[in-house]
Amino acid sequence: MGVTKGPLEELIEKAGGCAVIDGGFATQLEALGADINDPLWSALCLISNPHLIKKVHMQYLEAGADVLITSSYQATIPGFLSKGLSIEEAEKLLQKSVKLAIEARDNFWTHLQKNPKDGYNRALVAASIGSYGAYLADGSEYSGGYGPDIELDKLKDFHRRRLQVLASAEPDLLAFEAIPNKLEAQAIVELLNEEKVNIPSWICFSSVDGKHTPSGHSFKECLEILNCCERVPAIGVNCTSPHFIDKLIHELRKFTKKAIVVYPNSGEIWDGRAKKWMPSECFGDGNFEALALKWHESGANLIGGCCRTTPNTIQAITKALKSKR
């Protein structure tokens with residue numbers, strides 16, 4: 001008997017070896033008029049503007065995204081409690097982030113069945129899970145420096161209930177995003193095994209130098225942890241400058257046989273303490289079209305965009321990869 005393929009492997013195969021992830025969520029919410037200058041960031045719209053969340057999902061589906069990432073990156077139970085919500089209300093909002101994406105996907109797919117267009121796949125929904133540093137909103141998600149008091153068990157306890165609630169909403173995938181250090185990756189892997197989570201996950205790190213995680217760990221060290229976990233069929237990098245992506249793909253490919261996921265930001269630099277974007281070289285949509293081909297040839301199996309990328313960026317990536325198919 002052959003090895004049973006999971007939903008992620010099936011999607012990659014249907015997409016000709018490289019599927020398309022959506023792009024910057026907060027960026028697009030702001031373009032639609034949302035004010036998300038808040039520790040909850042884009043998750044604030046789960047409370048105030050859920051219709052905008054669904055609209056952004058639809059825009060990325062129309063652009064060709066094969067994977068939708070939910071608006072839960074910075075959504076945590078403690079974060080919602082700080083807004084005066086109850087635990088029950090907080091958990092319902094986490095589930096809502098998945099339900100909004102599933103509704104958008106299902107509505108879009110139903111429309112496609114009635115009005116067929118070439119090149120679209122039935123998208124998968126990935127529940128976004130940000131790092132402990134993302135919850136702190138103090139810039140530590142960009143340094144990986146959580147302090148001496150943060151140990152493995154504390155990180156597992158932080159992630160545990162959110163993971164349980166998001167998994168109960170039945171997304172197709174779990175996306176652990178912008179993980180800044182090896183310790184948190186280990187906590188996630190142990191937690192997935194402890195909770196016997198049967199939803200496939202990807203774990204993506206960030207990098208500020210193209211060689212290491214923000215904490216200074218090598219990717220070889222990190223992948224030694226992830227390679228042992230069958231619940232994680234894909235690994236990669238996100239919220240990292242496009243400058244570093246090709247080099248990082250080659251680095252990751254040296255140490256793993258898992259699918260490789262890359263969804264960089266636009267190349268602009270976010271100052272996590274000052275809470276603003278710093279002047280820097282920005283990659284346009286045309287650059288992403290050319291780079292997507294290069295990244296796929298280097299070994300990437302899922303390609304998309306992160307902060308400051310838009311549906312136009314994803315449309316350019318889709319165009320490039322479709323021409324390759």
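Cβ coordinates come from backbone N, Cα and C, glycine included.
Annotated domain 'Hcy-binding' per TrEMBL: 7-321, in sequence order. Residues annotated as Zn(2+) binding site in TrEMBL: C239, C306, C307.
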Averaged pLDDT, computed only over the residues in the domain 'Hcy-binding' (7-321): 94
Binding-site residues (C239, C306, C307), the one with most neighbouring Cβ atoms at 10 Å: C306
For the Zn(2+) site built from C239, C306, C307, further residues of that chain with CB within 8 A of the site's CB center: G24, A178, S206, N238, T240, Y263, P264, N265, G305, R308, T309
